[in-house]
Amino acid sequence: MDNNKIIVFDTTLRDGEQSPGASMNTEEKIQIALQLERLGVDVMEAGFAAASPGDFDAINQIAKQIHSIRIASLARALEKDIKAAGEAISPAKNRRIHTFIATSPIHMEHKLKMTPDEVIKRAVEAVKYAKTFVDDVEFSCEDAGRSDIVFLKEICAAVVEAGARTLNLPDTVGFRMPDEIYNMVKSMVDFIGDRAIISVHNHNDLGLAVANTLASIKAGARQVECTINGLGERAGNAALEEIVMTIRTRSDEFAPLYTDIVTKEIYATSRLVASITGIEPQPNKAIVGKNAFAHESGIHQDGMLKCAQTYEIIKAEDIGAEKNSLVLGKHSGRHAFKDKLINLGFDLDDNEINEAFIKFKELCDKKKEIFDDDIRALVSHEIIKIPEIYSIQTLSTSSCNAGHSSAAVSIKFSDNIISDAALGNGTADAIFKVIDRISGISGELKDYKVNAVSQGKDALAKITVKVVFEGSSCATIGHGLDIDTMMASAKAYVSALNSYLSMKNR
């Protein structure tokens, strides 16, 4: 192994999906997986196979389609979890089972209700069983940040002897400071030596996930677990883009360490994840926030015009975030459109290009100026293959007195056009009520987000909804894209309905 290489373990599809409102369907996960492959991550944790049939299917489909990187599934230290993980990743060329058990006193006593000796025995059994499915087993000490270092060494030595190749030390609740993480990792690196790779997985509850990860690297960790845009439950995980660009930018601190990440794919990956999950990075987010390369201060602008390096330590083009210039128009041909897609990082087959080109031409008839971000949103939206059980045909709305609104909707279903109308508390509510009536399936709206894809009065509206439909305990996410915000809302709600029905019918 090259001891200067930092292995990038991306868990956007597993831990990142645990962000409230970030659940994804199988097709969406596949699109992100394909982009992560282009980004050049070393290991992709595709999900938690035992969590649900949907998770198992997504991991299995990704394992069939991704060839150049290692595919992992998480599994508790239980035979049924490990068996599910092994079966889900079986089509992959390079496979890993990532099994874990809690090691902190509070978790062992209150959650597991097990003694330390029992935990070690369970961990060893789990690793040995995982080895019957794959050669590459990773073991995680859940809540390592609050675990006793003597016990950590004892359990890690035992699982390494059982066959674990990677030892992961998560700061599960984001409690530790960089110096504390450094000391823990350094102690473990010195103890384990070259018997296994030491990995870290830091949460961001105190805003220290990236700082703790960088401290871990300096202490000798050679695998970092992270997510795109820092997605994750609670305050999120360490952001992949921040870790990678820090190592690259501060070579004075980290050389000769390096990653194999293709940094020019960072922006495209960030935008795809934001588009699919509906969770936009905050504007001032490092590296990928929309203000990351914006300068409003007159002094800063003057310096930038004279020499960009006066106020920018990273170039926008380094992460593939070139200026959002006008690109194509209504007279642009298919060949020019295909070239633009390649430049934006999309790898589509001929049928997908044709479908996207038709939608692009429709957009050109509605929108005067087309920007890169319009095309990114349009194509990302079109390549997510959700069966179109229902489709919006027409929509008209009007505002009434006392805050009420009405909506009339026509929907295509099984070659039939069904029309209806309803009143609601606001236009969106009226639209959703009509769709419920036409489909005969009522939904409860849990979240509704509006984003302008690009600049201008005629900017595309990207709507993301989160809906719980009757008979389901889980929320379904839908996306809609249109110049008209209410039409985008209708499309998003129908997208969620179609996604719910397609999953229900599997």
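Each residue, glycine too, has its Cβ placed from N, Cα and C.
Confidence across the domain 'Pyruvate carboxyltransferase' (6-267), taken as the mean pLDDT and rounded to a whole number, stands at 96. Sequence annotations record features per position, and here Swiss-Prot assigns domain 'Pyruvate carboxyltransferase' to 6-267.
Under the heading Mn(2+) binding site, Swiss-Prot lists ASP15, HIS201, HIS203, ASN237, citing sequence analysis as support. Sequence-distant neighbours of HIS201 (Mn(2+) binding site): residues of the same chain at least 6 apart with a C-beta under 8 Å from its C-beta are THR11, ASP15, SER140, ASN168, LEU169, PRO170, ASP171, THR172, GLU225, ASN237, ALA238.
Positions annotated as region 'Regulatory domain' by Swiss-Prot, on the basis of sequence analysis: 391-506.
DSSP assigns ASN237 (Mn(2+) binding site) to a strand.
The record gives ASP15, HIS201, HIS203, ASN237 for Mn(2+). Within 8 Å of the mean position of their Cβ atoms, the other Cβ atoms in that chain belong to THR11, PRO170, THR172, ASN202, ASN204, ALA209, GLU225, CYS226, THR227, GLY232, GLY236, ALA238. Neighbours of ASN237 (Mn(2+) binding site), defined as other CB atoms within 10 A of its CB across all chains, total 31. Taken residue by residue, the region 'Regulatory domain' (391-506) breaks down under DSSP into 36 helix, 53 strand, 27 coil.
Sequence-distant contacts of HIS203 (Mn(2+) binding site), defined as residues of its own chain at least six apart whose C-beta falls under 8 angstroms from its C-beta, comprise PRO170, ASP171, THR172, VAL173, GLY174, ALA209, GLY232, ARG234, ALA235, GLY236, ASN237, ALA238.
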